[in-house]
């Protein structure tokens, strides 16, 4: 039977991609349905209890700048907050927080249940309703059919998921959850390229069986960072430390002598694992010269005794896992409460997607999260938000939107996936962005909140706070530009005491702030330049904008040059065999990828600058050279 009411957008899956997709579509005023196999696991952290990190924290801030949920949820659930790369430049600084799993899940569910235009329904989805290459709905396990103008697939590792512990394996979406086999089979019938990937998780340890007294502690930062531009540290729950132990030669001997029982090394697992989050058996074999590896013991929550040993993800048999755990300092008597495992699952080639994350072959069908070959909660959340907002725009007969590489890490993520595809689980790093000086955590709102407002994602409260911040930045910069001190002035001695070279000519507040030894905090304690802004976010922007002004201007010039290529559109139906002068390799790659622009074509491996020149000349001759606004 059909459900009596139609929807604008259906989201299938309630993980980190699905929850952001559902919230985005509903915020934009579309009637949205979130279908999940279990309402109690909405926003579940399936692997490590943490949000953020290098590159990942940038994505969380961007999701927040567009009105998303993840940053707000972690501010309410984070039990240890740190700034990574704090001693380096602002472009690569990143926020990371340990999470209380239960508090995080509660924060996500509360937000979903209180979001207007959003209905949550518990049923596994087994089929899609596709008519004339357009998706028009979904069918659940009990045969109930829902109609919609757009469908977003955010099914994580559940598609034909297979869990491996040693040489034993069984079907599962993650430990304790069933896989989605009928939906996987249905998707394989569609004209989509499919592959297999693998990820893993470590065993969980009972904290009461660990001797923490012999281990080094790792505390969070003070003052505590916050993730959301709307957040503050008073929202954070109680803060707790993590602990550090190490593997040793005994650990490595145990692993080496049991490799024949590893599904990875025995050839049982076909899927490729994540390069930047390798299993402990991979680390021992790939880095044979290392006699130890650092392991972080991370609490899973304030009311849980479970400890997540970050760094020993494994699919070795349970008896070997016990030996590995007990070989490490402080863990000699440790007890495992959940075994580690590897999970293998279907993913779909993201090169078959438009930059909006809509399928090139099935109209109205969007893909987001691990189904696109990514790894990580943050990468999933960012894709979910993008897919959700574009599903909402499609259902409202509006053009899709995707950020450029120069606008957001989300733009880098989507362009990498849709242009290059991936053969291993894709993780975001700052090194993937060529314009990272512009794409900082601290300015995510300055880059994206105005766009979010135009798209209908940003509410009045966030918009008012954003405009107040902009005014504070502008007013303070004008104040510092127009406040001067001369070498002969009474205040010069006070200023000189903080400079490596004394004033030799008249200087404004901005001139002084450009000096490497001067900070905004120090400057605003000096008589001519006091008082400091009470708006800490605006104060941070003033300092960064002044200190890095020259570098930022240079990068802006580079972006404007590249924008010409990004805006030169390529016809979706163009058969590149018509273009004389292109090599067979280039023709094959362009026909395979079907890039949307010259910029995208130039990033395809094997497409040379000479080929781009030939293509531009041919387009001009044919009268097909078009540029977007």
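Cβ coordinates are placed from backbone N, Cα and C, and glycine is handled just like the others.
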Record-annotated FAD site (Swiss-Prot): member among 125, 130, 226, 320 besides 13, 14, 15, 16, 17, 18, 180, 370: 125
Cα separation, residue 283 (NAD(+) binding site) to residue 125 (FAD binding site) (Å, whole number): 38
DSSP three-state assignment (helix, strand or coil) for residue 281 (NAD(+) binding site): helix
DSSP three-state assignment for residue 370 (FAD binding site): helix
Residue pair residue 285 (NAD(+) binding site), residue 370 (FAD binding site) - Cα distance, angstrom, rounded: 27
Spatial neighbours, same chain, of residue 279 (NAD(+) binding site) - Cβ under 8 Å, 6+ residues apart: 200, 264, 273, 313, 314, 315, 342
Residue 281 (NAD(+) binding site) versus binding-site residues 13, 15, 17, 370 - nearest by Cα: 370
Binding-site residues (13, 15, 273), the one with most neighbouring Cβ atoms at 10 Å: 13
